[in-house]
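These features come from TrEMBL:
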- 6-28: transmembrane segment (TRANSMEM)
- 19-275: domain 'G-protein coupled receptors family 1 profile' (DOMAIN)
- 40-61: transmembrane segment (TRANSMEM)
- 73-98: transmembrane segment (TRANSMEM)
- 119-140: transmembrane segment (TRANSMEM)
- 160-182: transmembrane segment (TRANSMEM)
- 219-239: transmembrane segment (TRANSMEM)
- 259-278: transmembrane segment (TRANSMEM)
Amino acid sequence: ASSALGAILAVLASLIITANVLVAIALLRLIHKSSSKGLYFVLNLAVADAMVGFTVVGLVMDEFSQPFYPPQIFCVLRMAFVTSSSAASILSLILVACDRHLAIRKPFHYFQMVTGLRVGVRLVGLWLVAAVIGFLPVFTPAFQKTANREKCSFFSVFHPAYMLTVFCAGFFPALFLFMYLYCDMLKIASVHVQHIREVEHAGLAGGCPPSRTTSDMKAMRTVAVLIGCFTLSWLPFFIASIVQTVCPGCFPYQVIENYLWLLGLCNSLLNPLLYSYWQKDVRLQLCQLAAGVKRRGL
């Protein structure tokens, strides 16, 4: 069972790293050609997801090294890196959603508001918050469990109080913020559609809808897909973890670690796949990159 889990983690980590590195390269090429600073948030999302893949590689080595009983501080540091990378990925999703929300709500002032300095400050703040979330048990021994002879995992190194703090103060507020942003974008888009219908009824519009409305719908579609995949990937893990934390005997933690956590990790693989599929510019850069590699190979 340990070897099977290690093989699954190895394949998943390889796919996560490969997909996000390719999308990051495509985004760098796109940023070089475009003046949009919002692409840096998407690039940061790809970097954070790639780091999730790299942190999983260490867990793969543990699975293939059973029985492996490392020191307590080793496990705490390893799981801190895993938690920080996952937190950075979730926070990056929030920044992407906020950026798309700002582009829809303030379309005429967007480029004045989203400057390079402000983007840099937000990204630095994001990684600082993610580091604080992940490494809080390292600097707060009360959030660590007593030494044991189990393998490195969330439930073997983190205290239930830390788990509840992260889940209730991190995941669920993020989910509610996602829902608010999407509902607000939906309300703005409905107002735009109503305005277009009024103009068309007055006979002042041509046969084509304004490009701004088309852009709004694409942004809403992207955010909706990201929210849906984020919820389906992480919600089962967080709910089951809260139940297991409050009532340790009510739910086997092996199911959470071996199955539900893998489902959450799949979100780091879905994010680059979604952007490469839904975003035409990213898809075009990937096609050009593949064509260039093919020409060099021939």
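Keep in mind that glycine also has a Cβ here, set from the backbone N, Cα and C atoms.
TrEMBL entries are annotated by machine, without manual review.
When pLDDT is averaged over the domain 'G-protein coupled receptors family 1 profile' (19-275), the result is 80. Listed stretches 119-140, 160-182, 219-239 were compared with the transmembrane segment (259-278); the greatest number of C-beta pairs under 8 angstroms is found for 219-239. Panel annotation: around the transmembrane segment (160-182), residues 83, 87, 90-91, 93-94, 97-98, 100-101, 133, 136-137, 140, 142-143, 154, 220, 223-224, 227, 230-231, 234-235, 238, 241-242, 245-246 of the same chain, lying at least six beyond its termini, place a Cβ under 8 Å from a Cβ of the stretch.
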